[in-house]
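Visitor: Quick one: structure below, then a few questions.
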There are 4 protein chains.
Amino acid sequence: MAGNSFGQLFRITTFGESHGEAIGVIIDGCPSMLDVDLDYIQGELDKRKPGQSKITTQRKESDTVRILSGVFEGKTTGTPIMMLIPNEDQRSKDYNHNTDVFRPSHADYTYHTKYGIRDHRGGGRSSARETAARVAAGALAKLLLKTQGIEIVAHVSSVGKIDAPNVEIISADEFIAEREQNIVRCADPATANEMIEFIDSVRKDGDTVGGKVSCHVLNCPVGLGEPVFDKLHADLGKAMLSINAVHGFEFGSGFEGSSMRGSEHNDVFIKDGEKVKTITNYSGGIQGGISNGMPIEFKVAFKPVATIMHNQATINADGDAAEISGKGRHDPCVVPRAVPIVEAMAALVIADHWLRNRNTRLDPHL
Amino acid sequence: MAGNSFGQLFRITTFGESHGEAIGVIIDGCPSMLDVDLDYIQGELDKRKPGQSKITTQRKESDTVRILSGVFEGKTTGTPIMMLIPNEDQRSKDYNHNTDVFRPSHADYTYHTKYGIRDHRGGGRSSARETAARVAAGALAKLLLKTQGIEIVAHVSSVGKIDAPNVEIISADEFIAEREQNIVRCADPATANEMIEFIDSVRKDGDTVGGKVSCHVLNCPVGLGEPVFDKLHADLGKAMLSINAVHGFEFGSGFEGSSMRGSEHNDVFIKDGEKVKTITNYSGGIQGGISNGMPIEFKVAFKPVATIMHNQATINADGDAAEISGKGRHDPCVVPRAVPIVEAMAALVIADHWLRNRNTRLDPHL
Amino acid sequence: MAGNSFGQLFRITTFGESHGEAIGVIIDGCPSMLDVDLDYIQGELDKRKPGQSKITTQRKESDTVRILSGVFEGKTTGTPIMMLIPNEDQRSKDYNHNTDVFRPSHADYTYHTKYGIRDHRGGGRSSARETAARVAAGALAKLLLKTQGIEIVAHVSSVGKIDAPNVEIISADEFIAEREQNIVRCADPATANEMIEFIDSVRKDGDTVGGKVSCHVLNCPVGLGEPVFDKLHADLGKAMLSINAVHGFEFGSGFEGSSMRGSEHNDVFIKDGEKVKTITNYSGGIQGGISNGMPIEFKVAFKPVATIMHNQATINADGDAAEISGKGRHDPCVVPRAVPIVEAMAALVIADHWLRNRNTRLDPHL
Amino acid sequence: MAGNSFGQLFRITTFGESHGEAIGVIIDGCPSMLDVDLDYIQGELDKRKPGQSKITTQRKESDTVRILSGVFEGKTTGTPIMMLIPNEDQRSKDYNHNTDVFRPSHADYTYHTKYGIRDHRGGGRSSARETAARVAAGALAKLLLKTQGIEIVAHVSSVGKIDAPNVEIISADEFIAEREQNIVRCADPATANEMIEFIDSVRKDGDTVGGKVSCHVLNCPVGLGEPVFDKLHADLGKAMLSINAVHGFEFGSGFEGSSMRGSEHNDVFIKDGEKVKTITNYSGGIQGGISNGMPIEFKVAFKPVATIMHNQATINADGDAAEISGKGRHDPCVVPRAVPIVEAMAALVIADHWLRNRNTRLDPHL
């Protein structure tokens, strides 16, 4: 059973390889009567597209999305929505030297062994290019959530050992505006400069570096999440871990919480006007796998990009020793372009659970 | 759409509340002709059951499992396997004081708000008691994996700020034997003593503390995992995050890897006899979402148990301020009993993906 | 991937063998706050249970159902509902002579060959005894649908070549009352007598005979059904075909409709007060796979029971010729007991699609 | 939860409207290393395409399929396969008069009421044009099955009241060759002529007529089908009922079997060399929901096409009386073009179950 679909009620299926004709996605289950703002969707793709700045890969793709079905006179019709993104700049010959050689810490060896065949050009299906389809689908999910007032915002909170301080979020729009002021997509300007300089120096070394993205879901209603397995944070975790290069996920108090005591970790409930809140938010907005109305907060760890501009020892398909020299066009640090991907995957999870929650009670409570 | 099933081909559905008549699980998709060792399954449950030692809850449950279907003359028949675990020690009156009060950092408030009704006794469905059903099903998955030589071993690697050193695993059996020498289930004896003392002191304070469990999958063949969404580590992550009290998951280099450079992080391939290996294992045995034949390594962070023996401020169902005093029987630290749960959920994921991988190629390669 | 679950949002998973300890079902996805009338559920089971009359099998089972989870103080809680039906009268030794012999037109040969092992006692998992679990789950679905005014009624419309005339349905309750006046469950009393006599004569011959069940869904709202694959009639068809002994399904004009012309077959829309209706109902209440508000009407064909009281030639597991004499306790005609099964499966489909339809539009319209 | 996917392991998701830019399908789960014969796939589409003959619609579509992903150097790679079929001849203005009027026995009213919006052009998503995507995917499934020697053949067995005699199938290729000799796709030449004349006369009346398609699966191994819900015939039934205009499905003895006695209906097992067979095949090749190695035989009933060239009374979206005159280009009888659709859906079911059966036993037996 293959694994190219995600979500239960708001369900996407992606297709396409890095150097094939096109990539894309079918979204099945988006409710009808939603206004589709194609400019917004394209804007989200633009934040992910290659060639944005000196600290991203120089591959050039306009990543222009077309909607081939499911939308009529600007509205969703309840039928499957097909979004197509043609590939343009497929410098496949850059990859000819990799045909039979397994690049270290890439998916070449595992794909080759699992499937017995692989499209080696640019990593084929294992390329992060596939995430453009996720961003397109996620943008539609965001449009759906915006009708409910739910906003999802992420930014780069760490690059290498450089950590941004916590940024207070007044409004989603302001946070994003601040973040988009700099090419590394960190909402703290001072840290952003430091990060950019560091990435640029790493790039000049022909090396790469990892980082972290922090994400917040604002105005999420109480009740999203389906225990015992499809807890909201479990589905968020799977979504994030399915993004290329992700090696870790934590929400609320996360790994640090494991060294705390219950008496300091417990979030005390209070009534704030009509709204129930907690004084602290170590729970990260989720209790028992269900959103509790507080901001949902989680963090995603990305490993350094495996393609470096150094010579590296490896083996080939025959098992013989080989050497690989880093060619192709790659990112020195993946996190600036990962921000819209994290947001997109979060939006897909929240949209899916928002729909799922509609069926919780006999009397619908939405 | 409710969320009480897990897995695609080796699929489980659990049921039951903490103080209902029974909990249990249906396993659908276990291949036929597997020898069912009921003593082994019961042995796994015994590692999770309450009342094992001074550092676990004093609730008494024998957790005796019965198989009501799907096994004939000691072998699986390919039909659904139903495992039933009756509840015995349901001191429900301990919970009467909680009927209308939301315990801090528990699931009371979210269940109440989502469903409009909840079985408040002992946390009802949100209780970790449900994990007994997972351990029973996971034990069957382990039996299936053992026929392929695949072993899964976990231990407590941190309690509070006490971290165990890395333990080299010679064999699964020896590792487990060492771990079972102490009541905290840490494979490093010196650290284990320190942990036990610490938990005991926390317990005497009426407080609780978090910890981490590290898990290793040994002899996993190359090829398990289904990109792009059902990557092996994404499904492991979801499985772990679905366990009560888990706040974080990382594999391979994990969160630390996000501060490394590509040149130090890349795992170099070598040929070791007939076998392909990597010199380092920052990939944690998974590349591109597919197992690469190296040991699969991941870590799970548990928050401190929310029930403490202190008076705590909270609100009730009417939104009025209330006070809650910790009664009931609970664990000062959940990780010793979480070890078999982590192993069980890992076994369920690996078994599921082992079956899924059977269909990868036209010519079966298993 | 095994196939013991049915439904997407109102999802059941059944387990159990004919002569095992128990059979049962988990229902996952039933909305919370539904009043559970256990007497009603038991009443539905009583209509299916063996030993009801001279024209059913003489196996004695009380088929007493217990609910082990998911219901609290008489209401569903949104958590999985487990229903258990113990087996009582397991005269397994009746089946010892069948251990290695394949009964004609039974599932012995296919189970044996597929799984390599089978519980031969009473047909094991292939026995229609499993349908008791469906009836229990279907009764809960009916209770859910009754809150929406939706009723499902079926009766025996043919036995052998004896066909009942069309019966006008004034109300569901009256129709059922009339049907339950006779042991064959035909709503036309004159035909019922004829059918009973015929079945009794067939029984005395040691033979069996097939028949048909007609089913009607009343007060179904417009909009249920999810094209293009999960059309309402496609899911009804699958549900019916999954019942033991069913060989055919048709809705609306059915097979006869294939010899009609469009000009006579088209159902003309009219407005009847506020309600849209069609003058004829060749569409059977479903157009384009979606309910149109007219009564949903379909028919299910059951083959004659394979177990007869004659000596029959067959082969054994070694492929040698063998003879089989019909022992055990079986029905001369399955349709009287099939009526509640057909209704139950229809209820499961309608409940599932009623929930699914809640997510069709951005603004919920239920 | 929307319903545009079909199959579990060999899983397709279709998209597209009759007069949108394109229709197509993603196939997820096709094993790697399968040779993709694009000419064969196109050939199957050619049998379904409009404008073939005087007895089909005159809409002109070349239905040229392009594969955008998942195939590399002529072989499947195990990644999702995207097939795109652009729409060419979209005479949408033919449908402007239908914008607000509900055509009798079409899906206009139900789509309008369910979704609140619909693409009215040519029926939008409810058009049988969508089945081209199924035929493309089904052709790939057939290629997969051919590697196992499994063949699927169908033909038109009835048009109106004209029934073809049973045709003995010597080989799949010969049967198809015979069938393709005539434009109605009936394998019995004499009956074919009669059918063609009849359809042509109906067409001249501006009317339409229904018919039946019979289908045979040859060389199917024993063991396909997953009781208790995903019985092979239940999934075949759902597949067929999901095709536009289908009102009935039966396999083996079907509806006629319901009037037979067990003593005449039972299929006696015999050993024919090494192979187990049954003397008769009332079981239609499936027992207990699992294939038994005999030819699988089923029949599908199609209602007459709803679009006729007569004036018809109906209502509009406001509920007012309206008249509709049949314009557009439509088929007088759908069954000649339905033959490849029935085969395609059967192939998808058999391919899916062939993969599912691979996981039945601990030791793979394929």
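Quick reminder: no glycine exception, Cβ is built from N, Cα and C everywhere.
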Visitor: Out of C:Arg329, C:Arg356, which is the one TrEMBL records at the FMN site of C:Arg125, C:Ser126, C:Ser127, C:Asn244, C:Ala245, C:Gly288, C:Lys303, C:Pro304, C:Val305, C:Ala306, C:Thr307?
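Guide: Looking at C:Arg329, C:Arg356, the one TrEMBL places in the FMN site next to C:Arg125, C:Ser126, C:Ser127, C:Asn244, C:Ala245, C:Gly288, C:Lys303, C:Pro304, C:Val305, C:Ala306, C:Thr307 is C:Arg329.
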Visitor: If you draw a 10 Å sphere around the Cβ of C:Lys303 (FMN binding site), how many other Cβ atoms fall inside it, taking every protein chain shown into account?
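Guide: Total other Cβ atoms inside 10 Å, all chains included: 30.
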Visitor: Which is it, of C:Arg48, C:Lys54, C:Arg125: the one of these binding-site residues whose Cβ has the most other Cβ atoms within 10 Å?
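Guide: Ranked by Cβ atoms within 10 Å, first place goes to C:Arg125.
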Visitor: What three-state class does DSSP give C:Arg48 (NADP(+) binding site)?
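Guide: The three-state answer is helix.
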Visitor: If one looks at the chain holding C:Val305 (FMN binding site), which residues at least 6 apart in sequence have a CB under 8 angstroms from its CB?
Guide: C:Thr208, C:Ala245, C:His330, C:Asp331, C:Pro332, C:Cys333, C:Val334
Visitor: For the binding-site residues C:Arg48, C:Lys54, C:Arg125, C:Ser127, C:Ala245, C:Lys303, which residues show a Cβ-Cβ distance under 8 Å to chain D?
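Guide: Answer, by Cβ distance to chain D: C:Arg125, C:Lys303.
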Visitor: Near the Cβ of C:Ser127 (FMN binding site), how many other Cβ atoms are there if near means within 10 Å?
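Guide: The answer is 21.
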Visitor: Using only the Cα atoms of C:Arg125, C:Ser126, C:Ser127, C:Asn244, C:Ala245, C:Gly288, C:Lys303, C:Pro304, C:Val305, C:Ala306, C:Thr307, C:Arg329, which the record gives as binding FMN, return the largest interatomic distance in Å, rounded to a whole number.
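Guide: Taking every pair among C:Arg125, C:Ser126, C:Ser127, C:Asn244, C:Ala245, C:Gly288, C:Lys303, C:Pro304, C:Val305, C:Ala306, C:Thr307, C:Arg329, the longest Cα gap is 44 Å.
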Visitor: Quick check: in three-state DSSP terms, what is C:Arg125 (FMN binding site)?
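Guide: SS state of C:Arg125 (FMN binding site) = helix.
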Visitor: Would you kindly give the Cα-Cα distance separating C:Arg125 (FMN binding site) and C:Lys54 (NADP(+) binding site), rounded to the nearest Å?
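Guide: It is 26 Å, counting Cα to Cα.
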Visitor: When DSSP is mapped onto helix/strand/coil, what comes out for C:Lys303 (FMN binding site)?
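Guide: The three-state answer is coil.
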Visitor: Which number gives the other C-beta atoms within 10 angstroms of the C-beta of C:Thr307 (FMN binding site), all protein chains shown included?
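Guide: Other Cβ atoms found within 10 Å: 24.
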Visitor: Near chain B, which of the binding-site residues C:Arg48, C:Lys54, C:Ala245, C:Lys303, C:Thr307 can you find when the cut-off is a Cβ distance under 8 Å?
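Guide: It is none; no candidate comes close enough.
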Visitor: Among the binding-site residues listed here (C:Arg125, C:Ser127, C:Lys303, C:Thr307), which has the Cα closest to the Cα of C:Arg48 (NADP(+) binding site)?
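Guide: For C:Arg48 (NADP(+) binding site), the closest Cα among C:Arg125, C:Ser127, C:Lys303, C:Thr307 is found at C:Ser127.
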